[in-house]
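So that you can see what the record holds, here are the features copied from Swiss-Prot:
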COMPBIAS  65-223  compositional bias 'Basic and acidic residues'
COMPBIAS  232-262  compositional bias 'Basic and acidic residues'
COMPBIAS  271-296  compositional bias 'Basic and acidic residues'
COMPBIAS  306-334  compositional bias 'Basic and acidic residues'
REGION    43-365  region '52 X 5 AA tandem repeat of P-[DEGQ]-[AEFLIV]-[QPT]-K'
REGION    65-370  region 'Disordered'
REPEAT    65-69  repeat '5'
REPEAT    98-102  repeat '11'
REPEAT    142-146  repeat '19'
REPEAT    203-207  repeat '28'
REPEAT    214-218  repeat '29'
REPEAT    219-223  repeat '30'
REPEAT    242-246  repeat '34'
REPEAT    253-257  repeat '36'
REPEAT    264-268  repeat '38'
REPEAT    286-290  repeat '42'
REPEAT    344-348  repeat '50'
REPEAT    361-365  repeat '52'
SIGNAL    1-34  signal peptide
Amino acid sequence: MALMKKSLSAALLSSPLLIICLIALLADPFSVGARRLLEDPKPEIPKLPELPKFEVPKLPEFPKPELPKLPEFPKPELPKIPEIPKPELPKVPEIPKPEETKLPDIPKLELPKFPEIPKPELPKMPEIPKPELPKVPEIQKPELPKMPEIPKPELPKFPEIPKPDLPKFPENSKPEVPKLMETEKPEAPKVPEIPKPELPKLPEVPKLEAPKVPEIQKPELPKMPELPKMPEIQKPELPKLPEVPKLEAPKVPEIQKPELPKMPELPKMPEIQKPELPKMPEIQKPELPKVPEVPKPELPTVPEVPKSEAPKFPEIPKPELPKIPEVPKPELPKVPEITKPAVPEIPKPELPTMPQLPKLPEFPKVPGTP
């Protein structure tokens, strides 16, 4: 019994709801928490029973159907497609050249003729004969001496190495391709031909003729009046100047040069003979011993192995492109060149040249004067 009382007291004290209720009853003013608990008790949400999990039923494993192995068919050889000739392009029609428009002839203006001025003739220079060069005698080339022919050494012959025969492989016969059953193609239904409606014929429209334009007459140019001829301009004659007599230089007396005294001749120095050097005896050079020539060993020649020739591929001819005809360019009409009138040159009058006065002769300087 004692144990039961202890367990009940312990259970009451351990529950938080009973403790809150006791505190609310003992206290004079009710607390907000106690009021809420007493007035608005929360409804308990009923727990739904746990539904068993839906297990997906396992499907039985079906054995995979094995595909039957198809026999390997050898690849059929494709038939050779015949070469399709290229269609020739139609020739472009030649475009006619446009006719050149003829320009009216422009009459040239006639210029007045001026008198011709004669050109002064140059004096002829005498011809200078070319000096003849002496002939050089031909020098004969010396003939080179003929060298004796050196016989070539014979190489040792090697035996030929026979090529090993390659084993022959049997030819693989190609398997015959089984003939497939020919399936008849279904015939297409015939479509009835629909007759084309005939178009109504249009009346021919007469071409309008262009009205003829009256020819316009060219106005005649008025004739230029003839210019009077220019009178010849006479060259003015130069006035003759009086001759100026040449001044004769006064004769200066000749001054004799003083004779220099002769220097006495110096006596000749006697010749000093050079002492002769004693002759040194000639030292003979020692002769070196001759080294015997060692013959070079001849190398054996390796037989040439023929190279395998690469297979030649047939050349594929390039297709020729059709030539496009050249379209000629229309030529433009040439405009006539208008020549400019040449202006005559007026000769300049020559000025009279002044005569040169003769230079005065220079007098010789007298020694002793500044």
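Heads up, the Cβ atoms here are built off N, Cα and C, so glycines get one too.
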### Task
Tally the residues of the repeat '50' (344-348) by DSSP class, grouping H, G and I as helix, E and B as strand, and everything else as coil.
0 helix, 0 strand, 5 coil
### Task
State the mean pLDDT for the repeat '29' (214-218).
68
### Task
Please spell out the DSSP helix, strand and coil residue counts for the repeat '36' (253-257).
0 helix, 0 strand, 5 coil
### Query
Which residue counts does DSSP yield for the repeat '5' (65-69) in the helix, strand and coil classes, in that order?
0 helix, 0 strand, 5 coil
